[in-house]
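Structure, as structure tokens:
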Amino acid sequence: MQSLIEKIRQGKFSDFPGGVHPPQRKTLSNQTPIAKLPLPQRLYVTIKQHIGVEGHLEVRPGDMVLKGQPLTKSMNPFAVPVHAPTSGEVTTIAPHVSAHPSGLAEMTIEIRPDGKDEWIALAPLQDYQNQPKLKVIERICHAGISGMGGAGFPTHIKVSPKKNVEFLVVNGVECEPYISSDDRLMREHAWQIRQGIDVITHLLNPKHVLIAIEDNKPEALHAMQVACQENPDYVVCSIPTKYPAGGEKQLIQVLTGREVPNGGLPIDVGIMMQNVGTCFAIADAIFTGKPLIQRVVTLSGECFDKPGNVWALLGTPVSHLLQQGQYQPKRQRSRQLIMGGPMMGFNLVSDQVPVVKITNCILAPTEREMVQADEEQPCIRCSACADACPASLLPQQIFWHAKAKELDKAGEYNLFDCIECGACAYVCPSQIPLVHYYRVAKAEIRLQEEEKHQADKARERFEARKLRLEQEKAEREEKHRQAAEARRKALEQQESTTGNKVSAAVARAKARQQTQAAKEETPASDKVAAAVARAKARKARQEQESTSRDKVEPGEESKQDKVASAIARAKAKKAKQENASTAPDQAESPTGEQQTKASAGLNQTRESGAEPSEKQPAGDMAPSKDTKAARVAAAVARAKARKAAADQDKDQKLSPAPESASPTVALEVDEEKKQRVAAAIARAKAKKRVGVSSTDKQQDKSKS
Amino acid sequence: MSVFYALLAVGLLALAFGLILGYAAIRFRVESDPVVEQIDAILPQTQCGQCGYPGCRPYAEAIANGDDINKCPPGGESTIRKLADLMGVEAKPLDAAHGTEDIRKVAYIREDECIGCTKCIQACPVDAIVGTSKQMHTVLIDECTGCDLCVEPCPVDCIDMVPLQVTTSSWRWQLDAIPVRTIE
């Protein structure tokens, strides 16, 4: 029995089920070296270009940035930063059409290049072997590197695994037709790719390193073999050409015969895969300190006069690439641009879509090359799709359930193992866009899961709230019970102790208050203070009378007191409410309300004075309370003035004829606040009126 | 005599099993009806009360007691289908008397018009509104279930129900965006 690595060295590979052989058409673009592009007018750097969360913005509009300067910062393990692709000015940070099938706008930093292309100070990490691994990983993260093969998974997470890696697979398969960006990169920069592999090997310590390249790229194979010949541990594998051999799970199956379990990751079978482009970017980040700001993009399709590969800065709008490739829109009946390859790519909604880290190809095919799919025909159950499926699924069954919106049943047929390679749609004789049905179903299932999660959260919050309300209610009841008990006890105590003492104290306090009030009468200059003082004096007189009466029955005194104060409070409240409801004219005696208010305040004072425990301090506190009462009265007067102003304002609004008195009052109060209050009141009133009228109508109806 | 023994033996057996069953009834007691839990898990938990019950759980209990399954507009057709599966009844269309299925919305408070009355806070079943008296209130979009309950109590009508923005992560694939097929 040969060991696995011996088999691989001898070139004996397994195969994955299914697969198709679409025409390659790679010679269209892989004949010329990777071209450099002039700077575009504007660069649109999408903030989130990978799977995970976006970084934290570091720049503001108007900032000057240097080439390679980080624009966002990674605050989260799943965030990778983006960098300025050239030096220039940040003009805006706003939503811009994104490199996504939906074309929905995403937050994008727009940069106007200044043409100097000036680098930020770079800090290479040449002696990475002597550095702690964490530092190297951190460097990879800060360079903004995410997987450049397809999904854009943050690389720094991938290169810090918890499990042992048996095989490190470097994926240079590039199985999709037309695309040749990895091919050209390997031909021209094999040496640097190998350096990147060295770094990953240092981090992961895999037992074997396999570099997989399809046998339709002999030049790339040769270049990589030359670059890796020094290290016998690196095995360059030439694998048979078949779509989709470049898929992660398929490539693992081809090389090792192992299958990644359902819902698992390659690391579960001891394998880690990196794209050649990612290796190149890692070498760039470690040996020169340059972050990921550009990538190779294939411009292909017969609509380009100059197809080929270019170094495109991330954020370059597709229109700039079209210009460089000399795109001829006349050759297409309807404009069709595809980002990605013909099998897995998506139509672009606009040519302003920027290049992102996972953009490997811009395809502009002619009508002859690529025929728009005809009308979808019914499934004839030929099972050609099942034969082509590289994941051994039953595409027609999944299609059936996805179309009928039976998502759970589609899930039972392992919908989520579908890699969306498009092989089934390619072979379908009925021209059914199978992959799209799967994508719709997958999105739907994900949304449902999200909703489920939301519902669970809502239930938790609802239940927590219910519990809290119940607790609060119980607490309130408990408090009420305790207060009642305290009152009862106090009453008992009062009854037991001689009432004389209490009444004497009350009388003392009263007398002091009276003298205080009398003193205040003279200095009080304004009407309000005078009114308050008068009210107090009257109250005090009444009080004396009542206390003299009360002396006969000392037990009832405090009770009566309380009743009186409560009535006063209620009156004050009522007056206020009336004020609020019937818009009062200022001529109505304002002192009436003030009096009640003041008396209520006084009553409170007296009440506290009557408390047996506070005999002495009550008298001292009286003057301060008096001034407080005066202040309250003043506040009430102020509030009234404001209200009157508001009402007048409202009246003005309702009746166009302006009143002469209003402007003088209106000027006194804060203009804006008054207007807002008035508007709010008006709205509330209008609403109330509508409600009243509607209920009236209902009542009328019911009457009739 | 043998009849007596037989009766005794059967009686003892009955006693023994009775004890075991009685113990099991206490030891393995189920707190509440598990069907209610399952129904509650399917319902969308907006707590909107459009079904006529004061929340999702009371409606779940009502369904368990034989009420119709088509009274939940926020859940819509998919919820009805799941409930039908669970309860073993025929799925029927949504009862229009309780409202119609709508796109997902969240409440939005026009902040400069808010007077800080806290009425919406008291109405919110999931505590998704933040604010205090005489201070401006605002809605936590992530927590809002779109139940509409805060709109009615607002005295100044400053709460709108706005549709949730579609992002690239919540976007549903459209079939017409299908790309291409290569032909030889």
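Any Cβ shown, glycine's included, is placed from N, Cα and C.
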B:Cys144, B:Cys147, B:Cys150 show up in TrEMBL as binding [4Fe-4S] cluster 3; which entry in B:Cys124, B:Cys158 does that record put in the same site?
B:Cys124
Fewest other Cβ within 10 angstroms of its own Cβ, chosen from the binding-site residues B:Cys48, B:Cys124, B:Cys144, B:Cys147:
B:Cys48
Filtered B:Cys51, B:Cys117, B:Cys120, B:Cys144, B:Cys147, B:Cys154 - binding-site residues with C-beta under 8 A from chain A:
none
Inside 8 A of the center formed by the CB atoms of B:Cys48, B:Cys51, B:Cys56, B:Cys72, which other residues of the chain have their CB, for the recorded [4Fe-4S] cluster 1 site?
B:Leu43, B:Pro44, B:Thr46, B:Gln47, B:Gly49, B:Gln50, B:Tyr53, B:Gly55, B:Tyr59, B:Lys71, B:Pro73, B:Pro74, B:Gly75
State the residues, same chain only, that lie 6 or more residues beyond the ends of the domain '4Fe-4S ferredoxin-type' (B:135-164) and have a CB under 8 A from a CB inside it; answer 'none' if no residue qualifies.
44-49, 74, 103-111, 113-129, 170
Using C-alpha atoms only, work out the spacing between B:Cys72 ([4Fe-4S] cluster 1 binding site) and B:Cys124 ([4Fe-4S] cluster 3 binding site) and round it to an integer in Å.
19
Using the alpha carbons only, what distance in Å do you get between B:Cys147 ([4Fe-4S] cluster 3 binding site) and B:Cys120 ([4Fe-4S] cluster 2 binding site) once rounded?
12
What Cα-Cα separation, expressed in whole Å, is found between B:Cys114 ([4Fe-4S] cluster 2 binding site) and B:Cys150 ([4Fe-4S] cluster 3 binding site)?
13
Would you mind splitting the region 'Hydrophobic' (B:1-25) into helix, strand and coil residue counts from DSSP?
24 helix, 0 strand, 1 coil
Can you give me the residues near the recorded [4Fe-4S] cluster 3 site, meaning same chain, not B:Cys124, B:Cys144, B:Cys147, B:Cys150 themselves, Cβ no more than 8 Å from the center of the site's Cβ atoms?
B:Ala107, B:Cys120, B:Ala123, B:Pro125, B:Val126, B:Ala128, B:Ile129, B:Val139, B:Thr145, B:Gly146, B:Asp148, B:Leu149
Tertiary neighbours of B:Cys154 ([4Fe-4S] cluster 2 binding site) (same chain, Cβ under 8 Å, six or more apart):
B:Cys117, B:Lys119, B:Cys120
